Every structure is written in structure tokens, then in C-alpha cells.
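What TrEMBL records for this protein:
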- 2-206: domain 'Tubulin/FtsZ GTPase' (DOMAIN)
- Gln10, Ala11, Gly12, Gly13, Lys14, Gly110, Thr111, Gly112, Glu142, Asn169, Asn187: GTP binding site (BINDING)
Amino acid sequence: MKLALIGIGQAGGKVVDALLRYDRSARSSFVTAALAVNTARADLAGLELIPPDKRVLVGQARVKGHGVGADNELGAEVMAEDVDEVLAALDDVSSTEVDAFLVVAGLGGGTGSGGAPVLAHELKRLYTEPVYGIGILPGRDEGGIYTLNAARSFQTFVREVDNLIVFDNDAWRHTGESVKQGYASLNEELARRLGVLFSAGEVTDGQVAESVVDSSEIINTLASGGVSTVGYASARLERRGGGFLSRFRSSSSDVDDGGAMNRVSSLIRRATLGRLTLPCDVSGTERALVVVSGPPETLSRRGIERGRTWLEEETGTMEIRGGDAPVDSDFVAVVVLLSGVTSVPRIKELQAVAIEAQREGQERDATSADNLASLLDTDDELDALF
Ligand SMILES: Nc1nc2c(ncn2[C@@H]2O[C@H](COP(=O)(O)OP(=O)(O)OP(=O)(O)O)[C@@H](O)[C@H]2O)c(=O)[nH]1
């Protein structure tokens, strides 16, 4: 599947960099265009793989390249003011080369949190291709403002995109490690999962899949809308004698042997029941997609079928697509995309924060109205005196 990636804010830019790194190392070429947008000049300069002419500084007139300091209303305003500059950087991307747009942002800060929904809205207005979001939730230890930003931005972002794939930093923090210490490994983890998913169907090294996952299957799975989460599991392969290439010359009787079948079906279970990018109860899933990637002889169709049947029971949905993606690798990897998940404790928690913030805002407004009324009363009394 061919994607145009747009990373907004620091987290967004770094995740897009990580996706480019995956794309190059796996020689998968699912990235057609990659763009970084930020209000902070230094964050753009710190990126590695996004070409310098595809790094767009917005809000210069307002914040002079110094960032918006976690003010996501300001982040939204500067994006709205400078959105034409961002769209101009996408001008050379022909929509025939792109199957979808992917807008990536950390939802706890200011630039990405405020800007991503605004840009997604514009992209949807201008292009017919789907616009997906990748939203990164803050760690609980990052403080109230990050949680509040994420709570507000999440609600808007999910409305503006065709599907929001969520990564919860909090669920991925290693014990004793702050979220910041682990960013590089978190980004690599997310890039690996999305990389396997989106590179499915893109021909690598002339390998042909038995039952290809093409872009329309990814699009149909994500068409449930709402929120998605991604699971992953992999197994290292034992090298057989006769050198690396001999694995690709195995006879057809090896192709669907019991070992390969069990390996694939158990990887599908592990990917689903292991740590998801956004932990949730999988029984509230609307649609799912399974991608099994590895050397051709390890891609057992019966294993995929068995895994799909199990996933149908586990998720309660019949809308499960699946297929393989042959690659020259020492691993078999499985990605499970669970789309339209509804039973997500972390989202419920954020919604409660958003409702509470709205209630406090209304109370504050009501209190200021009361104060105003009492001031008016005083004025009336004063008027009465004179
Ligand atoms: N997974 C991941 N999360 C990140 C990364 N960098 C920052 N974050 C998270 O993203 C949120 C902050 O967003 P940033 O992207 O730094 O902020 P910004 O959008 O640049 O906005 P401002 O700095 O306020 O202008 C926090 O919750 C961070 O934990 C990263 O490289 N990977």
C-alpha cells in the first residue's frame, strides 16, 4: 500500500523518520512521500531521514520557530493559518501514486495535538483517498496538561480521520524507565508493526504471495472507522543446511507442513493476546486483518485459516481478512490489525477527563456569570442610592 506520511510535532516527525528507516531496511517501498511539520525549528533539524525540503516550519509569525509549549489551541490556530504551506509541500505527490494519507502526531503536546486534526480535515476536503491518523497517547506520569490535551485532541482527531490507529506510550513504558528514555525503541516498535502491515502487497525481491494482502483489504478493514490497535508477534527461523537460499528452494510438500501451520496459527494468537499498541478487550472489534510475513515456505495457508477461525471466535466478528507477505527474512512475523475497537479502558479514562474539563469550564463560566450578575446587582443598588 502506498502512503503519504505527514508527521506533525516532535513525536510525529520522529515516528515518520522511523517508518522511513523501516521502509528502507526492509526494501518495501510503501512510503511514497514523507513530510514533517513543526512549530519548533530545532525539532525539525533533529530529524534524520525526512528530506530537508520536506520539513515545514509553521507558525513562524506567532512563535518564531520556538514551538507552542504544549498549548494545543495555539497549535490548531497556527496550523489553520499556515495549512497552505503544508499542502504545497505535498503538491508534487500525485494522488495516483498514493493509496492513503497517514497523519502522525503525539496527542499530549501542542503542535501535533492541535495541528493534526486541522490538517486531516483539509486533506479530506481536498483528496478522495482515505486519511488515517496515528495518535500517540501520553504516559500518565507526564502531567495533567498532557492528559487534558490528549483527551481533547483525541475526540477531534478521531472525528476528522477515516480511522485512528492509537499507540499508548503508557502501556509501553518499561519498568523504571521514563517514557522519554524509551522513545527510540517505542518508535521502532510502532514502525515495525505498521511497516509489516502497510508493506504487505508491495512486491519485494520478486517474491509472489500465495494470497496477497492488497491495499483494498487494508482500506476495507480500516473502513470500520473509529479506533484501531495493532498486535505483533514473531519467531526466529532455524536455518536449514545448504545455505540461506535453500530455504527458498524447498519442495512444495514442505510448504504447508504441520510445523509451519502450527507456527503461524500460534503467532496469530500471540499477536492478538500479547501487548497491543492500544490495550483493549478484543471482543469489541468490528473488523480485523491478519498479515503473515516471512519466507514463502513458512507462510502456511492452513495456519492462516486456522488463526482466522480462532480470531473470529475471540473477537466475535466475521469480518476478518488475512493473507501473506513473502519476504527474504530470518523471521516469520504476524501483524493483527483490530479495527473499530470499542472496549478500551484508556479511551474511557480520557473521555472522562474531557467531560470533567468541560464541566469545570461550564462551572467557571457560570461562576463568572454569577459574579457578573452580583456586580450588576451592586450597580443596581448603587443606582438606587443615587
Ligand atoms: N512514542 C513517542 N512519543 C513521543 C515521542 N516524542 C514525544 N512523544 C510524546 O508526545 C507527546 C508530546 O508531543 P510532542 O510531539 O513532543 O509535542 P509537539 O506536538 O511537538 O508540541 P509542542 O512541543 O508543545 O510544540 C508526549 O506525550 C510525549 O511523551 C516519540 O519520539 N515517540
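Quick reminder: no glycine exception, Cβ is built from N, Cα and C everywhere.
Residue density at Thr111 (GTP binding site): 34 other Cβ atoms are found within 10 A of its Cβ, drawing on all protein chains shown. Among the binding-site residues Gln10, Asn187, the residue whose Cβ has the fewest other Cβ atoms within 10 Å is Asn187.
Cβ contacts within 10 Å of Gly12 (GTP binding site), excluding its own Cβ and spanning all protein chains shown: 31. Proximity of Lys14 (GTP binding site) to non-local residues of its own chain (separation of 6 or more, Cβ distance below 8 Å) is seen for Gly7, Leu47, Tyr183, Asn187, given in sequence order. In three-state terms derived from DSSP, Lys14 (GTP binding site) belongs to a helical segment. Across the domain 'Tubulin/FtsZ GTPase' (2-206), the prediction's mean pLDDT works out to 93. Pairwise Cα distances among Gln10, Ala11, Gly12, Gly13, Lys14, Gly110, Thr111, Gly112, Glu142, Asn169, Asn187, the recorded GTP-binding residues, top out at 20 Å.
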